[in-house]
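Structure, as structure tokens:
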């Protein structure tokens, strides 16, 4: 390790609010965070809306947060880009969408829209489904179009799926199948869940429901099953995916969509995100001559055409460190591993020089309220070993607990999650202090500080609240800012000049 070390500790989903009721952050016993806030320079950061490249008033999320944290500039998001394309009508002349239409017409086949039906704006948006349906109607394909609806219940209300389904039916959609995001959009290598949805879409291996969609959804609710956990079912057996069909995956955020997209487009791929090495879809029914469009680039294993390419970000934090010959470490558990790697690196799969990664498996539980400590202790132990090795100049670490447990809507479990992170944070920072290093502590967005909505129902979504930022250097004074200012601040602490591409500013107002 060189004479300077700076670690970035991301407390995922830990926002700030004056509202104390149903606030897991306030109700938790956090003696170490209390100590840090009392004894070290701290400020607040904006982590939502236009300050992170989202539409005004749009809640932040982990992808957006880590992009801005690592890029050191406001990164305009896919949601903003696609919304603009709809407004200026370029959406309706998009080359990739038109290729899918041509494929369907040439093969006299079907076109399928897959994705999270939600206006949460985190992974997808209802307006994008409607714009695509408008385009398909213009091309006389309304009767060939089938929607496979993945219900949300995390970034939106737990029982809001029924209203989104009504909305889409009223718009004219033919909904062929439904599945909760727990099954369709898993990102923790639970391939058995993805397999259920894959087989439903391609092999009709799921219950066929004859009741109305509204009654079917209400039956789930009556059984205590919320939108996230709706088990896959078919409403139109003739609307499933066959050879020569086209699929448009409407999710613009890749981390939860990439596994099902890989299964559909490249089922025998070897995947970095699959610990077993294979997707295990080789033995399933394969769909031949499938034309797949993804809204954005998911990953290299997904064989698709991409409707909206992202602007390449140059001289992000990780690249600056690598180009100087310095050593860096990224560490997280499975749920947030893409965030400290892919997203923190500007939405790219980078192989940076002298950059190591540690992936700690997330616990195999149905929901994280059953194990609110998740893998925080294992992350802590691995981080301490790495820090004491004195190999690294900088560390990027994510504690997922406040966000992932917050998404369950269970207040007591989320309080335990926050308390776990508090104790683990103390151990990590004590290790950093022992090697004469400094730490920046930040959250990427809010969540755990609001566990019930205004009607008293569980609140499982993110918030637009400010987030804390702490620097363990008593010789500085901080000013408020946004997430894009964190990377310049870290470079400032390392006494490295920020590159011109970083338009964020150091939050260090002056030395004391």
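Residue 1 is the first one shown; counting continues down the chain.
Cβ coordinates come from backbone N, Cα and C, glycine included.
Swiss-Prot lists 12, 62, 444, 445 with the feature Mn(2+) 2 binding site, giving sequence analysis as the kind of evidence. Counted within 10 Å of its Cβ, the other Cβ atoms near residue 62 (Mn(2+) 2 binding site) come to 27, all protein chains included.
Residues annotated as active site, phosphoserine intermediate in Swiss-Prot: 62.
What Swiss-Prot records for 123, 154, 155, 181, 187, 253, 254, 255, 256, 336 is substrate binding site. Taking the Cβ of residue 187 (substrate binding site) as centre and 10 Å as the limit, one finds 20 other Cβ atoms among all the protein chains shown.
The Mn(2+) 1 binding site feature in Swiss-Prot is assigned to 403, 407, 462; the stated evidence is sequence analysis. When other Cβ atoms within 10 Å of the Cβ of residue 462 (Mn(2+) 1 binding site) are tallied across all protein chains shown, the result is 31.
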CA pair residue 62 (Mn(2+) 2 binding site) / residue 407 (Mn(2+) 1 binding site), Å rounded to integer, equals 13
Here the 10 Å Cβ neighbour count for residue 444 (Mn(2+) 2 binding site) comes out at 33
Those same-chain residues, other than 403, 407, 462, found with Cβ within 8 Å of the centroid of the Mn(2+) 1-site Cβ atoms are 12, 13, 61, 62, 154, 155, 402, 404, 406, 445, 447, 448, 460, 461
Excluding 12, 62, 444, 445 themselves, the Mn(2+) 2 site's Cβ centre has within 8 Å the residues 10, 13, 47, 60, 61, 65, 66, 336, 339, 403, 443, 447, 462
One should report the C-alpha separation between residue 254 (substrate binding site) and residue 407 (Mn(2+) 1 binding site), rounded to whole angstrom, as 19
Close in space but at least six residues away in sequence, with Cβ under 8 Å from that of residue 123 (substrate binding site), the same-chain residues are 115, 116, 155, 185, 251, 252, 253, 256, 257
Integer Å value for the Cα distance linking residue 12 (Mn(2+) 2 binding site) with residue 187 (substrate binding site) is 16
The rounded CA-CA distance in Å from residue 444 (Mn(2+) 2 binding site) to residue 407 (Mn(2+) 1 binding site) is 15
